[in-house]
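Pulled from Swiss-Prot:
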- 54-69: disulfide bond (DISULFID)
- 61-73: disulfide bond (DISULFID)
- 68-78: disulfide bond (DISULFID)
- 57: 4-hydroxyproline (MOD_RES)
- 65: 4-hydroxyproline (MOD_RES)
- 1-22: signal peptide (SIGNAL)
């Protein structure tokens, strides 16, 4: 009986916490679709295509190839695609 009450209180608390911390989504889809449509018409307007910072060939990239401008990171050094 006590365990059931504890579980019910925990579920109610987590549900309330989810609603309190959630973003205001009333106009989320309304603003999302025109932006996506604009990005489909002009792919260069997409934020995903922009690179804020990338490393030139010969610099240390760790194990994340996405940091290199050429997308090639082999043994921890950015490689160039030019042959």
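A Cβ is built for glycine as well, from the same backbone N, Cα and C atoms used for every other residue.
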Surrounding CB atoms that lie within 10 Å of the CB of residue 69 (disulfide bond), all protein chains: 15
Between residue 68 (disulfide bond) and residue 54 (disulfide bond), the C-alpha gap once rounded to whole angstrom: 5
Cα separation, residue 57 (4-hydroxyproline) to residue 78 (disulfide bond) (Å, whole number): 5
Least surrounded among the disulfide-bonded residues, given as 54, 73, 78, when other CB atoms within 10 Å are counted: 54
Same chain, 6+ residues apart, C-beta under 8 Å of the C-beta of residue 61 (disulfide bond), given in sequence order: 55, 67, 68, 73, 76, 77, 78
Assigned element (helix, strand, coil) containing residue 57 (4-hydroxyproline), judged by DSSP: coil
57, 68 as recorded positions, winner by CB count within 10 A: 68
